[in-house]
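Q: Quick one: structure below, then a few questions.
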Amino acid sequence: MVPFLFFTFFLSLSSSHPAPPLQSQTLVLNRLPSPPQSLSWSDADEESQPLTSSPGGGDPGSADSIFSVQLHHVDALSSNTTTPQQLFNSRLLRDASRVKSIEFVSAAAVGRGAAGAGFSSSVISGLAQGSGEYFTRLGVGTPPRYVYMVLDTGSDIVWLQCAPCKKCYSQADPVFDPRKSSSYAGIPCDAPICRRLDSPGCNSRKKTCLYQVSYGDGSFTTGDFSTETLTFRRTRVARVGVGCGHDNEGLFVGAAGLLGLGRGKLSFPSQTGRRFNRKFSYCLVDRSASAKPSSMVFGDKAVSRTARFTPLISNPRLDTFYYVELLGISVGGTRVPLDPTGSGGVIIDSGTSVTRLTRPAYVSLRDAFRVGAGNLKRAADFSLFDTCFDLSGKTEVKVPTVVLHFRGADVSLPASNYLIPVDTSGTFCFAFAGTMSGLSIIGNIQQQGFRVVYDLGGSRIGFAPRGCA
């Protein structure tokens with residue numbers, strides 16, 4: 001009898017214990033961003049800056065160099081007649097292509113053991129056709145010719161279109177002509193940097209190195225692998241290994257080429273690692289709330305003192321990408337039971353917009369958010385989003401908090417990083433999606449407003465809130 005009474009008393013205490021209150025925050029409702037009227041760069045301003053030189057990737061150089069550049073979203077290269085809705089729809093199409101390409105690379109990597117005969121790809125990149133989301137303006141050659149270049153943490157090579165063109169896509173600036181640059185130099189076929197290509201080619205007549213980059217959608221770039229000087233505002237970096245592409249097929253949204261920021265041996269951070277102490281960071285501005293540009297910093301000042309760090313982990317199948325461990329996610333202050341990491345951790349990617357989680361993990365997260373946002377009026381699904389709300393007529397709403405729990409770092413997301421406008425009628429959607437593949441990706445919408453720090457020497461990635469100031 002006594003044990004029974006004790007058990008009954010224990011149950012009554014348990015049932016009367018109140019559930020923890022839902023943690024929420026205010027979301028100020030902003031509209032879809034419109035295309036900017038003009039870009040703020042001036043080549044004349046760039047060229048008037050005093051230059052500091054660097055030996056670049058070929059020599060040790062110094063470890064105290066620092067420079068920063070502006071980043072702009074690729075929408076800035078769109079026509080001024082493009083509507084906000086068209087821009088957003090195009091972004092989702094690019095995003096789907098990007099994710100498919102990363103999944104393609106993952107599948108291809110499984111069977112990459114035997115190399116076929118002939119000239120094969122130097123690197124298989126996660127960049128899908130036209131999917132680079134952020135770009136900067138930099139000078140190529142001596143004297144510097146200024147062009148737009150996409151910056152991408154999912155690619156391992158620096159390349160741009162070069163004259164003479166066998167085939168070149170349309171870009172915003174004249175195609176770079178290496179014959180007009182005094183610092184351009186071909187790379188001998190037997191040079192160590194040429195051998196860093198997965199499958200280097202060789203021009204039998206000139207005895208110089210050739211490269212080819214293939215992308216998941218079938219587009220590619222091929223040409224001479226050379227060294228050239230790159231100029232970033234006031235900083236000149238010499239002897240960077242650059243692909244000078246004479247045959248470039250695919251749509252790369254008006255940019256001249258790509259500055260690869262991945263973990264591979266030929267990416268810009270790897271080539272210039274000693275020069276900039278193997279550190280860089282970026283902060284991506286929420287374009288629906290601010291008109292100021294995003295930014296990227298190289299060198300010791302890239303590391304924010306307020307950043308929370310999580311260790312980088314290795315995924316031998318996909319060594320281009322930056323992997324970390326995501327241990328869990330909380331919604332409204334309550335941990336969601338999930339195993340979101342899939343196989344090999346989650347990728348931190350600048351070129352994917354919407355975060356993808358394995359399907360079971362996403363369903364758990366989504367269902368918890370739906371419960372926490374039960375006071376909001378639901379709307380129909382939109383594109384890949386299955387949790388949307390009709391917030392028309394409102395200026396702000398309360399939404400459950402969302403916290404990403406990385407190993408060693410809890411990252412609390414602003415509300416605008418997970419409930420986003422998808423049309424001009426007041427529909428907002430939960431900006432996560434499920435995937436049937438084993439790959440999970442933290443996209444750039446969730447990274448907005450944070451300074452994301454890549455400390456490659458320390459083998460860690462950090463997140464500093466309110467890092468765009």
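Even glycines carry a Cβ here, placed using N, Cα and C.
What TrEMBL says about a protein is an automatic prediction, not a curated fact.
Feature list, courtesy of TrEMBL:
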{"type": "ACT_SITE", "residues": "Asp152", "note": "active site"}
{"type": "ACT_SITE", "residues": "Asp349", "note": "active site"}
{"type": "DOMAIN", "residues": "134-464", "note": "domain 'Peptidase A1'"}
{"type": "REGION", "residues": "37-62", "note": "region 'Disordered'"}
{"type": "SIGNAL", "residues": "1-18", "note": "signal peptide"}
Q: For Asp349 (active site) and Asp152 (active site), determine the Cα separation and express it in whole Å.
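A: About 8 Å separates the two Cα atoms.
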Q: Taking all residues of the domain 'Peptidase A1' (134-464) together, what is their mean pLDDT?
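A: Per the prediction, mean pLDDT sits at 91 for the domain 'Peptidase A1' (134-464).
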Q: Tell me, how many other CB atoms lie within 10 A of the CB of Asp152 (active site), whichever protein chain they belong to?
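A: Excluding its own Cβ, the number within 10 Å is 27.
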Q: Taking 10 A as the limit, how many CB atoms besides its own sit near the CB of Asp349 (active site)?
A: 25
